[in-house]
Amino acid sequence: MPNVQQSAGQVLVVADDFTGANDAGVGLAQHGARVSVVFDVNTLHADLLGDAVVINTDSRAARDDVASQRTAAAVAAWQAVGGKGWIIKKIDSTLRGNLGAEVAAALSAADVPVALIAAASPTLGRVTRQGEVWVNGRRLTDTEFASDPKTPVTSASIAARLAEQTALPVAEIHLDEVRQANLAHRLQQLADEGTRLIILDTDVQDDLTHIVNAARALPFRPLLVGSAGLSDALATAQDFTRKTEKPLLAVVGSMSDIAQKQIAAARLRSDVTLVEIDINALFSPDSSTVMASQCEDALKALTNGHHCIIRTCHNENQRFEIDARCRELGLSRQQLGETISHYLGELTRSIVQALDSLAADGTRRRLPGGLYLSGGDIAIAVATALGATGFQIKGQIASCVPWGYLLNSIVGMTPVMTKAGGFGNETTLLDVLRFIEEKVSE
């Protein structure tokens, strides 16, 4: 089989309820996609397509024939307004709803040879073993979902649930085989044999990533069937990012665990560049040369439309090495912190001035789309280096990131965001990136 890597294209998600629609859509949005959730297919038009459209058919508790009709109509409506790309049939990770009817309808409407069914959401404790759904270590039929008052589940077997509403040929690929390098070849083989529904075991999120990569290697786009975990995996594989006219410059001096997780989440986007600061280099005779190099790296990222994150903490062990570092340098903790903060302030000023000097004419300044300052000492050091005399608060992002404008600083009315190092969750920096992108587009 030739190695055919599918291009990005758009994404359609067909969900059977509103909360499930949002669960699937948020994973795409967090990776830079422009996502709309649509309640009525009759209101769908080309302007809503963006990168991804999620259509809620509200059919989980409907009759199977109604669920089938609504699912087919959703796919047809998307195609009619010009939608092209990947189609995900979002299902409940505990198999509630009209599983067989909706998958069969989506497969027929999409007019593709096969559906890949990966129902798991490992990060939520839902996995697939030997074709059965397990929730937090318990077989599905031994959990509360089996007695759901509206849509009870009578079997943990995905194949059995499908067979209740469709007679399409089914095959299972268990975990050992899922993790093989030739998974795409195996999928093609089953499709060639006439299998229409392929159930794949999944134990961790990386398994879903491997499944998506195998799907992308096929010469056709299969229908993807799964829960939020699968849409997250597809979002990771897609490149939804676009060049940002005025990207964010983030300076993160916090060594907190959550700050590092926030950076890790942001780095999943292909339009984010990381500039690492080696603390040892700050105290070397060549520190000015090092700063010039870091300034150049940041400038290159920003002028290429990439958000740039500057950080001083490279791994979780650094916080435990501070005392040893202080002894080596003959400094107190306070002196070390002040030196680092001052350096980051000067580096930020150098980057801002270098970027501004690239302006095509003297009447329109060229500045970052925003500044994000994480860590209290870092925030005040940068503000001081930029000449600020105060801060005008305008609002808050993600419940923990005040934003506003530095008063009398060289960055003028550039939005500035500050965050205490340990605040927020893993998606906080992603929320900041989206805020800046929306702010710049206004």
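Cβ atoms are placed via backbone N, Cα and C, with glycine included.
The substrate binding site annotation in Swiss-Prot covers ASP17, ARG60, LYS90, ILE91, ASP92, SER93, and the record cites experimental evidence as its basis. Feature annotation from Swiss-Prot assigns ATP binding site to SER254, GLY375, GLY376, ASP377, ILE378, GLY421.
Overlay of Swiss-Prot feature records on the structure.
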residue	record	Cβ neighbours (10 Å)
ASP17	substrate binding site	19
ARG60	substrate binding site	19
LYS90	substrate binding site	28
ASP92	substrate binding site	23
SER93	substrate binding site	26
SER254	ATP binding site	25
GLY375	ATP binding site	27
GLY376	ATP binding site	15
ASP377	ATP binding site	19
ILE378	ATP binding site	25
LYS90 (substrate binding site) - helix vs strand vs coil (DSSP): strand
Collapsed DSSP category at ILE378 (ATP binding site): helix
From binding-site residues SER254, GLY375, GLY376, GLY421, the one whose Cα lies nearest ASP92 (substrate binding site): GLY421
Spatially closest candidate among GLY375, GLY376, ASP377, GLY421, the listed binding-site residues, to ARG60 (substrate binding site) (Cα to Cα): GLY421
Spatial separation of GLY376 (ATP binding site) from SER93 (substrate binding site) - C-alpha basis, Å: 42
Sparsest Cβ surroundings (other CB atoms within 10 Å) among the binding-site residues ILE91, GLY421: GLY421
Farthest-apart CA atoms of ASP17, ARG60, LYS90, ILE91, ASP92, SER93, residues recorded for substrate, distance in Å: 13
